[in-house]
Amino acid sequence: MRLSGCSPPARLHVPLVLTWLTLLVGLCSGRSDVPRGVPIHFVFDPKATCDPPCQHAGICIRNSTCLCSQGYEGDLCQYANCDPKCKNGGECIRPGKCRCPPGYGGKYCHTVTCDGGCWNGGDCTAVNGVAKCICPSSWTGSRCQDAICPQGCGNGGTCVAPGICSCQEGWFGGACHMAVCKKPCLNGGKCISPGSCRCRGPFSGPQCAERKTTF
């Protein structure tokens, strides 16, 4: 193909006009060392075919050669380009847009994210490539959602905050270890379970109110 008369070929496709004009301006203004009418090797061939075809609006400039639009690369312009590159195994799905693997987020997959977040002051950190919540000393669980009661919560109690138990009915105390007897245990008796007294001799009965008679 030759350039002559400083005018584009009549059959040139519309998407190629700008590139042709750029080449022609260079020739006609004296900025090119190529004489008029001499073959130029890097020009669009309107009859060129690319099979498989160029993707993402790429232009076939010579047989099996694609000129990619901005943001794409590869022999067929099949790959999107993200700058900077997607990190931590992320995939560039369109120019400037990364698809992040589980546990990572941000525009370029550069931040660690924990599913559901980390509660109660927990810190989301990558541990051996896996996002994990690092909890303060008084919390535990996958999201630091469970409080720790070092003393334990007995008799069905639940730890609701660090060191604080919510006790079942009939129990109280820091560890839900003390029973409640609505009727008090008398004569030195001790409440050992809700409504039940352990009596000291010689007393007995539900409230240790009865004195045993000896003969």
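Placement of Cβ uses the backbone N, Cα and C atoms for every residue, glycine included.
Automated prediction, rather than curation, is the source of TrEMBL annotations.
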For this session: Look at the disulfide annotations in TrEMBL and name the partner of CYS82 from this list: CYS68, CYS92.
Result: CYS92
Exercise. When you check TrEMBL, which of CYS135, CYS149, CYS153 turns out to share a disulphide bond with CYS144?
Worked result: CYS135
Seminar exercise, completed: Correct disulfide partner for CYS181 among CYS176, CYS191, by TrEMBL, is CYS191
Problem set entry | Candidate nearest CYS124 (disulfide bond) in space, where candidates are the disulfide-bonded residues CYS82, CYS135, CYS208 and distance is Cα-Cα | CYS135
